[in-house]
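Taken verbatim from TrEMBL:
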{"type": "ACT_SITE", "residues": "K9", "note": "active site"}
{"type": "DOMAIN", "residues": "68-151", "note": "domain 'GHMP kinase N-terminal'"}
{"type": "BINDING", "residues": "P102, A103, F104, A105, G106, L107, G108, G109, G110, S111, S112", "note": "ATP binding site"}
{"type": "ACT_SITE", "residues": "D144", "note": "active site"}
Amino acid sequence: MKKYKAYAKVNIFLKITGRRNEYHEIVSRFMRVNDLYDALSFVSKKNVQAKANEFKIIGDFDCTTKQNTIYKAYVALKEATSSQALEKLMRTYAIAVEKHIPAFAGLGGGSSDAATYLKMCNEVLHLGLSLNELAQIGLHVGADVPFFIYGYESANVSGIGEVVEAFDEELLAFDIYTPEVQISTPQVYKAYRESFYAPIDGFAADELKKKSSLDILNELDAKEANDLFNPALQEYSDLEQHYQDGYYFSGSGSSFFKVKEEK
Ligand SMILES: C[C@@](CO)(OP(=O)(O)O)[C@H](O)COP(=O)(O)OP(=O)(O)OC[C@H]1O[C@@H](n2ccc(N)nc2=O)[C@H](O)[C@@H]1O
Ligand SMILES: Nc1ncnc2c1ncn2[C@@H]1O[C@H](COP(=O)(O)OP(=O)(O)O)[C@@H](O)[C@H]1O
């Protein structure tokens, strides 16, 4: 069976521009991590231990099936399309995931799996959904899902994650370090809101959106580049000891990254 790659991402910069209900509006440069991905495939239930009516995910996860973003993507797709063929597909096949992207890492692993699953279903079932439609469905699963639906190597992402604009630049290679600190995204946003709230204005956001990722990383330090780094340090005191000079913080953490040095 064909294998589909679900890439990781890093946030080159992530700035808050305001609030929307329970969410925060952001402006962020997302870049794909080309050498870090999960691999997803459909596997016939004849070849695995699974009940006919069970939604079966095979893979190394620390959450239940109902909590898995892939299952959430299935539910969202079913609601959006009422597709009988989708239900039939998941009665016949399990979804196998070779998990390489660490969880709780700020690398978007769960969101990328969900996006890839939506695209796989669209392809094999000939649902004919556009990328915009898939992104809208995916947004119900997580704010990072639309970026992975569009599949750009680099993009400016805004709103709460639903506005994705391709950014034309060279794809960078990264050294990534993921400390074993289980960071909760909602907790970090909450700490930002309560202790660090200082949204940037539209002019500053536009300036950032125009700059290449290399220029951003040359000009800003880790705290300037990511508004969620200070709140994450406040909430997770263990994080400080893992921070090394020259590294940047991805999303709500816990991963740090830097551009790979050429050998
Ligand atoms: C911080 C970022 C940056 O890329 O990603 P990660 O570091 O988690 O990968 C995203 O903004 C996270 O995206 P994601 O992890 O998909 O968030 P969701 O599941 O949609 O939201 C979880 C919770 O985080 C908070 N949240 C999320 C996104 C956002 N723009 N504002 C928020 O305040 C809300 O409290 C929300 O209920
Ligand atoms: N397909 C999935 N892959 C990874 N984690 C998942 C998935 N589905 C649900 N989760 C849960 O989501 C949380 C972490 O999400 P993940 O996307 O890996 O991290 P982050 O949002 O920090 O990038 C954990 O609670 C994990 O159990």
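Using N, Cα and C of the backbone, Cβ positions are placed for all residues, glycine too.
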Can you tell me how the residues of the domain 'GHMP kinase N-terminal' (68-151) break down into helix, strand and coil by DSSP?
53 helix, 6 strand, 25 coil
C-alpha of G106 (ATP binding site) to C-alpha of K9 (active site): distance in Å?
8
Can you tell me which of these recorded positions sit near ligand 2, meaning the Cβ is under 6 Å from at least one of its atoms: K9, P102, G108, S112, D144?
G108
If you average the pLDDT over the domain 'GHMP kinase N-terminal' (68-151), what number do you get?
97
Out of K9, P102, G106, G110, S112, D144, which recorded positions have CB atoms lying under 6 Å from ligand 1?
G106, D144
CB neighbours of G110 (ATP binding site) within 10 A?
26
Around P102 (ATP binding site), which residues of its chain at least 6 apart sit with Cβ under 8 Å of its Cβ?
G109, T178, S255
Taking only same-chain residues 6+ apart in sequence, whose CB is under 8 Å from that of F104 (ATP binding site), what do you get?
V181, Q182, I183, S184, S254
What is the interatomic distance between the Cα atoms of G110 (ATP binding site) and K9 (active site), given in whole Å?
11
How many whole Å apart are the CA atoms of K9 (active site) and G108 (ATP binding site)?
6
Rounded to a whole number, how many Å is the Cα of D144 (active site) away from the Cα of S112 (ATP binding site)?
8
Provide the three-state secondary structure of K9 (active site) computed with DSSP.
strand
